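Chemist: Please read through the structure below; I'll follow up with questions.
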Amino acid sequence: MFKLAFTLTLCLAGGLSLAQHNPHWWGNRNTIVHLFEWKWLDIAQECESFLAPRGFAGVQVSPVNENIISAGRPWWERYQPISYKLTTRSGNEEEFGEMVRRCNDVGVRIYVDVLLNHMSGDFDGVAVGTAGTQAEPRKKSFPGVPYSAQDFHPTCEITDWNDRFQVQQCELVGLKDLNQSSDWVRSKLIEFLDHLIELGVAGFRVDAAKHMASEDLEYIYSSLSNLNIAHGFPHNSRPFIFQEVIDHGHETVSRDEYRDLGAVTEFRFSEEIGNAFRGNNALKWLQSWGTGWGFLPSGQALTFVDNHDNQRDAGAVLNYKSPKPYKMATAFHLAYPYGISRVMSSFAFDDHDTPPPQDAQERIISPEFDADGACVNGWICEHRWRQVYAMVGFKNAVRDTEITGWWDNGDSQISFCRGTKGFLALNNNLYDLSQDLNTCLPAGTYCDVISGSLIDGSCTGKSVTVNEHGYGYIHIGSDDFDGVLALHVDAKV
């Protein structure tokens, strides 16, 4: 009897973990965008007017819980919780709920960045949060939850990143470290997440997951409610979970400890794609991209060119400030069949702490758009760049196809097909790519969705004529604006 019960428990746990890898996308949509620091009602409008029509699958939103108010309002204040009240500079609970409903209604899922590892760091005296709640972080007193000192790990600093105890029980950059093995802490975290599920979210990005023991997270995840069927989710659907685990290889706390609980952020993807498109690696090596590079299995990897953290760091990672290689890397990311894709939508920054665009009263301002739909007034909105949203459409058009017809010049000119539905070519050399290449597409004329759009049957950019054998003449000049060309069956002239 014990053996039967134990086996049943293992089967149920395994089923739950597999379910937590499902992002619950509509139809053939399969790309998430991180609308970093956007306000809730602005996201609702963006879902309806841009994201749904362009085929985006979901939005990662900034933390929703009340946070500390820091001088100058740096972006990272959102990662310093005071309580689990749903009031931030992005809006209140009513506005959040409206956003979730409106986005779900047009098939765009919402994933919340959640902070389960910690509360706010030290603050001189009494701290006040964005909902007006007071706390004394130095005393580990957070009455808005409530938490007191007994709910936290003892104070210590992470000085040795090879020491598991320090990584998981000491304070990450001084943030008060919650004890997730405590029944009380677990109950408050589950209550917080369940409330978001009730409001209709599809899942969670779990911040700083490697700083929490995987067995504690497994308990919390398995205790969550199923997704809300009133928002269009099937019965017994589990929340999609993707966990921030920074693992460059040979880490004491490994990504592999978390991958069965949900998807895991594949930071090596971000670093290596940056290396390649900065010219530090020949593009020909990308033929074995993905698990061939030692990355996580595709269905367990949350992939990205940059995120809100590493785009602010020096190193190989690309960001909007290097637009040509960034667009090329994004095109490859969305064309190659590996991982659960997320694209970044940023605001302009001059230093690590730059706040989102705000007015004189430190209120976040809404993005504004020019005649071409691009963002102005301090918002970058990479997701509105044609070269990015067009590749979201490409990824939708070629879903469930494999790589075929790989070609390279032995260096950094490459092309490949996605079945008979799509074709991508990239030129990262200092000389032109001019070649008859196999596009694998049916005969006809196709619009290059990178350089233009198909409007009323006409292409506003380059077009490529494909012959009866699937070949077309491909030209990408070394000084071309984008360095990439993309064709697919939904862009046939």
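Backbone N, Cα and C define each Cβ position, glycine as well.
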Chemist: So Swiss-Prot lists Arg205, Arg342 for chloride; which of Asn162, Asn307, Asn377 goes with them?
Modeler: Asn307
Chemist: Out of His211, His231, which does Swiss-Prot tie to the same Ca(2+) site as Asn117, Gln168, Asp177?
Modeler: His211
Chemist: Using the record from Swiss-Prot, pick out the residue from Cys47, Cys156 that is joined to Cys103 by a disulfide.
Modeler: Cys47
Chemist: Taking Swiss-Prot as the reference, Cys447 is linked by a disulphide to which residue in Cys440, Cys459?
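Modeler: As annotated by Swiss-Prot, the paired cysteine is Cys459.
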Chemist: Identify which of Cys11, Cys156 is listed by Swiss-Prot as the disulfide partner of Cys170.
Modeler: Cys156
Chemist: Identify all same-chain residues not among Arg205, Asn307, Arg342 whose C-beta atom falls within 8 angstroms of the centroid of the chloride site's C-beta atoms; report them in sequence order.
Modeler: Ile32, His34, Gln60, Asp113, Phe242, Glu244, Thr265, Leu302, Phe304, His308, Met344
Chemist: Whole-number Å distance between the CA of Cys440 (disulfide bond) and the CA of Asp207 (active site, nucleophile)?
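Modeler: That separation, Cα to Cα, works out to 41 Å.
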Chemist: Using the alpha carbons only, what distance in Å do you get between Arg342 (chloride binding site) and Glu244 (active site, proton donor) once rounded?
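Modeler: Cα-Cα, rounded: 13 Å.
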Chemist: For Cys103 (disulfide bond), which DSSP three-state class applies?
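Modeler: Where Cys103 (disulfide bond) sits, the three-state DSSP reduction gives helix.
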Chemist: Assuming the binding residues for chloride are exactly those in the record, Arg205, Asn307, Arg342, what is the maximum CA-CA distance in angstrom, rounded?
Modeler: 12
